[in-house]
Amino acid sequence: MAEESQETTTSLLHHHRQPGWLRRLTTSLRLKTSLLSELSGSVGDLGTYIPIVLALTLVSHLDLSTTLIFTALYNIATGLLFGTPMPVQPMKSIAAVAVSETPHLTVSQIAAAGICTAGTLLFLGVTGLMSFFYRFIPLPVVRGVQLSQGLSFAFSAIKYIRYNQDFTKTTSTKTTDPRPWLGLDGLILALTCVLFLIFTTGDGGKRNVVDATENSGIITTNQRRVEKRLRILSAVPSALIVFVLGLVFCFLRDPSIVNDIKFGPSRFHVLKITWDDFKVGFIRGAVPQIPLSVLNSVIAVCKLSGDLFPGTELSATTVSVSVGVMNLVGCWFGAMPVCHGAGGLAGQYRFGGRSGLSVVFLGLGKLMLGLVFGNSFVRILSAFPIGILGVLLLFAGIELAMASRDMNSKEESFVMLVCAAVSMTGSSAALGFICGTVLYLLLKLRELDCSAFPFSRSTSKSNVEDETIISP
């Protein structure tokens, strides 16, 4: 008995002495909801990922196999590091410039833009400047950036649903070719997916129909039935079902895809990036991307993480360094420049992602596709119903925009709305950020107590003397 007791005590001590990295790993991969919900949440950010990857692959000749493999490794690493459904999203400004402006950016110039942006974020993270910005940027300004990004996603999603899009030429949306009602990428299909997602996920929040305190502990039969129905509906992996449906429709829309599939990944190779590539990439790609990455990929992501997962607000330094390291490795091999986006986090949360396991599943899926199908997977993506992508993007955008609902005072709402309006009208989060910050400081200046300043004391003294003279 003594020996058994000693063995038990020894095993418990070994358990408590579990290495910190292993304990962190198990915590990151611990299920916080059902397995199906995590799987569903894993595809919540594909509404922005697929169109941009498709356009860069077809227009700029990006290596899709390399991008899939590297972004898969990023997904797995961030899932283990952060323990939340931290997304890996394309750098949108660089992608927009690469495929929309002429001449188009080459793969080397795209990589150079990503490396310059990554170097800047790595510098801000290592020096602690990013944490400084994060602490002192007013919350209403951050909410304004989130609101503008969320509404921009939602507006683009509506265009995806209502109009035919051609991402083989540009990432920008068009509104000149209305989508037909019928067909495997018609309006009826998209609207059916919207209704299905609303019916299964509701408003995206966790709601308990039965509240024993309000009902004095008495639970009716009808309330039990409603509670049971909502539990069943919330367990449905709705986003995953919609995405798989889209993959099936790819082959139904174009059966010749099967003949074009070639198995195996492309070979890795280091890009040759010249100084001229760095010059063009920095001026045309990195300059518009850096402010967006700082605001949306770091500041807004950390704030949103704290809102969605109370008590687990991410470190701005860690997120900034993460973006820097990812691109300083992958871009040299031709992978797409990526960052962490608040919209992607909102989308994955909206459809059930609650832990790092969600993005680990996504990473494993991307890794399998990159290793098995390689660059031929672009044929499948090019036939994916754009209306379904619009549906996923719509819910992600609305979830991100709803993060701004905690602005309770009129002053905070005023700053937030001005920041959002300028960001959306000027198509620049940096411009909206500057205007919102200046507005916030002006409003605080109006309420500043000036009694501590010398000129204020002299003015106050003269006013008192005048009052004394006038008084009888």
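All positions are counted from 1 along the displayed chain.
Using N, Cα and C of the backbone, Cβ positions are placed for all residues, glycine too.
Annotated features, as they stand in TrEMBL:
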- 66-83: transmembrane segment (TRANSMEM)
- 110-134: transmembrane segment (TRANSMEM)
- 141-161: transmembrane segment (TRANSMEM)
- 181-199: transmembrane segment (TRANSMEM)
- 232-252: transmembrane segment (TRANSMEM)
- 314-335: transmembrane segment (TRANSMEM)
- 356-374: transmembrane segment (TRANSMEM)
- 380-402: transmembrane segment (TRANSMEM)
- 414-443: transmembrane segment (TRANSMEM)
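Taking pairs at least six residues apart, the transmembrane segment (141-161) and the transmembrane segment (314-335) share fewer than three Cβ pairs below 8 Å and do not count as touching. Scored on C-beta pairs under 8 angstroms, the neighbour of the transmembrane segment (314-335) with the top count among 110-134, 181-199, 232-252, 356-374 is 110-134. Most Cβ pairs under 8 Å to the transmembrane segment (380-402), among the stretches 232-252, 356-374, 414-443, belong to 232-252. Counting only same-chain residues 6+ beyond the ends of the transmembrane segment (110-134), those with a CB under 8 A from a CB of the stretch are 56, 60, 62, 91, 94, 97-98, 271, 273, 277-278, 280-282, 284-286, 289-290, 293-294, 297-299, 302, 315-321, 323-328, 331-332, 334, 336-339. Within the chain carrying the transmembrane segment (414-443), a Cβ under 8 angstroms from the stretch's Cβ atoms is held by residues 137-138, 140-141, 143-145, 147-149, 151-152, 288, 291-292, 295-296, 404, 407, all 6 or more beyond its ends. Sequence-distant contacts of the transmembrane segment (356-374) (same chain, at least 6 residues past either end, Cβ-Cβ under 8 Å): 28-31, 38-39, 41-43, 64-69, 71-76, 78-88, 261-266, 348, 380.
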